[in-house]
Amino acid sequence: MSANSPENTDQKPTREEAEEAVRTLLRWAGDDPRREGLLDTPGRVVRAYGEFFRGYDEDPEDILKRTFEEVEGYDELVLLRDIRFESHCEHHLAPIIGKAHVGYLPDRRVVGISKLARVIEAYAKRLQIQEKMTAQIANTIDEVLQPLGVAVVIEAAHQCMTTRGVHKPGVTMVTSRMLGAFRNDPSTRREFLAMVANAPSRTVDGANT
């Protein structure tokens, strides 16, 4: 198990225990889990949670281990832009929906572009806060690929803010993590940010921006 794999020493509850927990929440909300419309809800919720949080079963470092060195000396910026993700905040279990932009400067080797998207997915499919997720993605790419630099920017809408509490829809949170050349060289950082900003269509949570 890598340092980026969560460690939980508690025994995982059974599926039946998880479904009973959903029934408890339904009763707490004031409804009757025995009524027809809710009979299958506990099973559906548990299946949905299995999908929402499947990232706990993935090791992001393993995803990046296969690399390619036949790149004809390519050493310029590699950027994946507008990678949509769906996550859940660890404070309210509310959805976080957004886009990630990931760039790195290769040092003799590159990784398949789908692998970068899978790393984002592995971290997104866990309970998260955006700041931590941004750092995890950048740190993992840096540790495994050992490039000259890594840059990650995440833009996301948090439903814990739009559907409860202050009720402020349309607000986007932006976080970034710059390592290596992107932190130390202002021109490299500007190049990355300019390429991200020049996207032909920018959307977060399905809305054009």
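From the backbone N, Cα and C atoms, a Cβ is placed for every residue, glycine too.
Caution: TrEMBL annotation is automatic and unverified by curators.
Straight from TrEMBL, the features:
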- Cys89, His92, Cys160: Zn(2+) binding site (BINDING)
- 9-20: compositional bias 'Basic and acidic residues' (COMPBIAS)
- 19-196: domain 'GTP cyclohydrolase I' (DOMAIN)
- 1-20: region 'Disordered' (REGION)
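Taking the mean position of the Cβ atoms of Cys89, His92, Cys160 as the Zn(2+) site, the remaining same-chain residues with a Cβ inside 8 Å of that point are His88, Glu90, His91, Leu93, Ala94, Ile96, His158, Gln159, Met161, Arg164. The secondary structure of Cys160 (Zn(2+) binding site), as reduced to three states from DSSP, is helical. Counting every protein chain shown, the number of other Cβ atoms lying within 10 Å of the Cβ of Cys160 (Zn(2+) binding site) is 17. For the recorded site, His92 (Zn(2+) binding site), the DSSP three-state label reads coil. Mean pLDDT, taken over the domain 'GTP cyclohydrolase I' (19-196), works out to 95 on the 0 to 100 scale. Look at the compositional bias 'Basic and acidic residues' (9-20): DSSP puts its residues at 6 helix, 0 strand, 6 coil.
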